[in-house]
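Everything below concerns the one structure shown next.
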Amino acid sequence: MTPRILVLNDPNLNLLGTREPEQYGRETLADLANSCADSARALGLDIEFRQTNHEGELIDWIHAARGRCAGIVINPGAWTHTSVAIRDALVASEVPVIEVHLSNVHKREPFRHISFVSSIAVGVICGLGSHGYRMALAHFGQMLAEQPA
Ligand code: DQA
């Protein structure tokens, strides 16, 4: 069976392309979804690409990934810096997580230097724009290829 990766985009990322383009670029969420789908196809992965502005909905999606998804790529947006509930849900899912940010959060305001997710993630990629998502997918592709059948 083709391994499934859940790609989660959190609050305000529906506005990509028009929201602070100097920080987040001009690509829209649909562009990002298409480029992730192309990468996943090339890597032999199935992806579910989602975005929500509702924390509870996100937590339900993370719970549902348990036993069903081989990896989670998450851009938790502003919840990165605030949400213990999302961190706990990710831990409970027992699915390996890669945290991605379009911007380099460490070059920005001090409150963005704190992440509740990083210490439970396999890895963190930030500042590389949408390429970070494709790098995260490539990592999962490699990791799964190396796993014994
Ligand atoms: C972001 C960085 C966060 O600090 C911010 O709240 C976002 C986007 C990024 O992708 O760079 O919404 O996660």
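Heads up, the Cβ atoms here are built off N, Cα and C, so glycines get one too.
Binding of substrate is annotated in TrEMBL for N75, H81, D88, L102, S103; the matching candidate from R50, R112, R134 at the same site is R112. Counting other Cβ atoms within 10 Å of each Cβ, the recorded positions Y24, D88 show the lowest value at D88. Around the Cβ of N75 (substrate binding site), 25 further Cβ atoms fall within 10 Å across all displayed protein chains.
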